[in-house]
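> Please find one structure pasted underneath; my questions will follow.
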Amino acid sequence: MHKDIATPIRTQEILKKYGFSFKKSLGQNFLIDPNILRNIVSHAKLTENSGAIEVGPGIGALTEHLARSAKKVVSFEIDQRLLPVLEDTLSPYNNVSIVHSDILKADVAKVIAEEMPGIEDIMVVANLPYYVTTPILMKLLNDRLPIRGFVVMMQKEVADRITAKPGTKEYGSLSIAIQYYVKADIAMTVPKTVFMPQPNVDSAVIRLIKHDEPPVKVINEDFLFVVTRASFVQRRKTIYNNLQAGLPNGKTQKDFILEALAAANIEPTRRGETLTIQEFGKLADALYPVFAK
């Protein structure tokens with residue numbers, strides 16, 4: 001067994017060898033606790049027939065644990081300076097491919113087809129860059145990739161919002177946007193002390209498992225998300241007031257908004273944070289004829 005990359009001493013050795021300095025703009029925080037990494041991989045439930053997609057491998061700390069568990073690992077790295085480092089640290093593993101690309105611009109489905117032919121169980125497993133966590137998740141969900149789900153590390157505050165239930169202060173349009181596609185829960189919390197350099201916030205690993213069917217069927221998915229975003233324009237305001245302010249030409253359609261709320265059996269005095277995803281689905285369908293133009 002090779003020495004783990006994710007120890008303080010080994011990480012320092014690698015950084016010194018390559019004269020690597022962290023780029024704050026890329027949100028680079030490397031894990032230095034192999035036990036955390038083993039737990040992350042364990043939550044992904046990978047087998048020798050699984051594939052793993054990683055975003056931001058850094059110096060390969062999580063990548064090597066994935067390589068030990070999965071049939072194939074594909075890691076997307078935006079920072080060109082890390083390519084020779086990864087070539088070195090991951091040289092013992094012949095089942096890893098590094099793709100030098102911004103994940104937000106990558107054709108991930110094409111990469112999966114080319115790099116993982118015949119692999120039916122695929123998970124996204126990553127320590128996500130905190131500054132682009134939400135855009136990465138939404139891109140990968142919207143791309144409808146042939147994956148089972150995600151086990152990903154992120155800022156604890158964002159994890160709380162993603163997994164929030166109706167009626168809580170964390171619940172909002174992000175909760176609905178993610179939970180429309182997946183069942184979401186927090187697998188573990190991670191202290192800031194296990195990173196180099198230490199971030200200012202604690203982290204959490206969340207598990208997102210794709211639904212077989214969405215929790216609500218709607219006329220138009222994009223419009224559902226337009227309605228949910230509008231419903232949280234100002235959290236202290238009622239759903240009725242927020243829809244007027246947040247929907248295009250909402251001020252001129254007050255009566256229709258009231259009719260749509262009644263059709264969806266939603267009191268206009270309620271706040272967006274109290275509505276379930278099923279209620280948002282009914283509301284979006286009721287609003288669709290006038291606002292989806």
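The backbone N, Cα and C atoms fix where each Cβ goes, and this holds for glycine too.
Features from Swiss-Prot:
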- N29, L31, G56, E77, D102, N127: S-adenosyl-L-methionine binding site (BINDING)
> If one looks at the chain holding N127 (S-adenosyl-L-methionine binding site), which residues at least 6 apart in sequence have a CB under 8 angstroms from its CB?
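Correct list: N29, L31, I40, G56, G58, L62, V152, M153.
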> I need the least crowded one of these binding-site residues (E77, D102), counting other C-beta atoms within 10 angstroms of each C-beta.
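Across E77, D102, these binding-site residues, the one with fewest Cβ atoms within 10 Å is D102.
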